[in-house]
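Listed in TrEMBL:
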type     : residues                                                                                       : note
ACT_SITE : CYS258                                                                                         : active site, nucleophile
BINDING  : ASP30, LYS35, THR86, THR120, GLU150, LYS261, ARG327                                            : NAD(+) binding site
BINDING  : PHE147, LEU148, ARG149, GLU150, LYS202, TYR247, LEU248, TYR249, PRO250, GLY251, GLY255, LYS320 : substrate binding site
DOMAIN   : 313-416                                                                                        : domain 'UDP-glucose/GDP-mannose dehydrogenase C-terminal'
Amino acid sequence: MNINVIGAGYVGLVTASCFAHSGHKVKCYDIDQHKIELLKKGKTNIYEPQLESLLKENLENNRLSFSDNLQEVSIFSNIYFICVGTPPRGSGEANLLALYKSVFSISENTKNAFFIIKSTVPPGTCEELSAMIDSSKNISISMCPEFLREGSAVKDFLKPDRIVIGKNPNISEDLFLTIFSPFIRENKSIIFMDTLSAELTKYASNSFLATKISFMNELSIYADLKGADIEKVRMGIGLDKRIGFEYLYPGLGFGGSCFPKDIRALIDNANDANLDLKLLKSVIAINDNQVDIFTKKITGYFESDDLSDLTIAIWGVSFKPNTDDIRFAPSIKLIKNLLSKGAVVKAYDPKALNNLRETIQHKNLSFCQNAFDAAKDSNSLIIATEWKEFFNIDFEELKTILKNAVIFDGRNIYDPDLLARKGFDYICIGRPNRKNIISEHSKSLNVVK
């Protein structure tokens, strides 16, 4: 089957590459001519495991092609998966300008077509678009929300937990069963519903996952106050099959292109309907406060809000491991907090440094090519993203290159008692801090400057 994918961003590239991998012939369109020329050569500026190899493989097999010509696209197929961005406006409202432009531009060049929206849109958007398109065009609009996790998006697309279809009532289910047949051979979980319910399903899914994160983060604050160990609590509740461990990790908060944007958009959309989503407002408020609470742990340790003359290393910049995405990443706010307090910051991330360079330019911020370069001669180390390479570190070597053996762990990836035995002061989230077990000297630490 021939399929068009509109938008060569994160969702569009994964969608196009995976459809092509499954045997469909796919043409991916984007208005960015430079991006299209790059993609034609098998290159992408997005880091996602397996994506570039999948892209090259399907280009070579002529199952995937790229174009910036809408007329060429309209000749190729009458099936359009719309995967353009819907970024937030200042109020939190979803900006649907790119979506509307895409739909109306395509509708001018085609008729008897199927538009399938994968972009995340407020409930009611598909109905609004359908009402605005000339009925003589015979264009149907359906919704197929994406549930891809950055860092495992290819795997998620090829082996989905479920496929949700908000079907236009005039379209047979057979069209979608044919398109998605390669992905539901093992798992038959394809769910048909109306477009409004499908749009809300996407928002509900992200909102619930974010709520779990904020729940654990708020609980971690209470654990800090009482001296409880949030990691023990996490195990105690996560083993309950009704709860599970997914998204049950306390840390610096959630980020990325979806959770912050989608929750705010849902809150804004509900406000328009005179509904106050108090729970989700709390989820956002807790998340927005988490980095500030962590910053206070740092200033509290050094017994000063003035961090000038201190050099602080940060391991991890992306909002989560296995991606280069730093949109709404907690690390960005943390770096800005530290810089505003006068600290010199040395940052390292396996994939996201280029994006950081484009986001923050500051004389006190440097970019390091490996983890130990960042740690060398630093007064302390912060773990901001739980990349796998940070889990198995030579702590003896690390201790010799840090000016002060101090680790602030924003992801709780280390064993506090082990770090104390290794001679580190260890400050984490929702767990009792550990002092260098050799002595209590850190209470009156003479910080090397």
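Quick reminder: no glycine exception, Cβ is built from N, Cα and C everywhere.
Keep in mind that TrEMBL annotations are predicted by a computer and have not been checked by a curator.
Annotated features taken from TrEMBL, shown on the structure.
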residue	record	Cβ contacts under 8 Å, 6 or more apart
ASP30	NAD(+) binding site	ILE6, GLY7, ALA8, GLY9, GLY12, ILE36, LEU39, PHE66, ASP68
LYS35	NAD(+) binding site	ALA8, ASN45
THR86	NAD(+) binding site	ALA94, ASN95, LEU96, ALA98, LEU99, SER119, THR120, VAL121, LYS261, ALA265
ARG149	substrate binding site	ASP156
LEU248	substrate binding site	LYS212, MET216, ARG234, ILE237, GLY238
GLY255	substrate binding site	PHE319, LYS320, ILE326, ARG327, PHE328, ALA329, PRO330
CYS258	active site, nucleophile	THR120, ASN206
Original post:
Here are some binding-site residues: LYS202, LYS261. Which one has the most Cβ atoms within 10 Å of its Cβ?
Top reply: LYS202
**OP:** Count the residues of the domain 'UDP-glucose/GDP-mannose dehydrogenase C-terminal' (313-416) that DSSP assigns to helix (H, G, I), to strand (E, B) and to coil, and report the three numbers in that order.
**Re:** 34 helix, 19 strand, 51 coil
**OP:** Give the distance between the Cα atoms of LYS202 (substrate binding site) and GLU150 (NAD(+) binding site), rounded to the nearest whole Å.
**Re:** 16
**OP:** Provide the number of Cβ atoms within 10 Å of the Cβ of ARG327 (NAD(+) binding site), excluding the reference atom itself.
**Re:** 18
Original post:
Record lists ASP30, LYS35, THR86, THR120, GLU150, LYS261, ARG327 as binding NAD(+); longest Cα-Cα distance in Å?
Top reply: 24
Original post:
Three states by DSSP: which one describes PHE147 (substrate binding site)?
Top reply: coil
**OP:** Give the helix, strand or coil assignment DSSP yields for LYS261 (NAD(+) binding site).
**Re:** helix
Original post:
Of all the binding-site residues here, PHE147, PRO250, which one's CB has the most other CB atoms within 10 A?
Top reply: PRO250
Subject >> Residue pair PRO250 (substrate binding site), GLU150 (NAD(+) binding site) - Cα distance, angstrom, rounded >> reply: 19
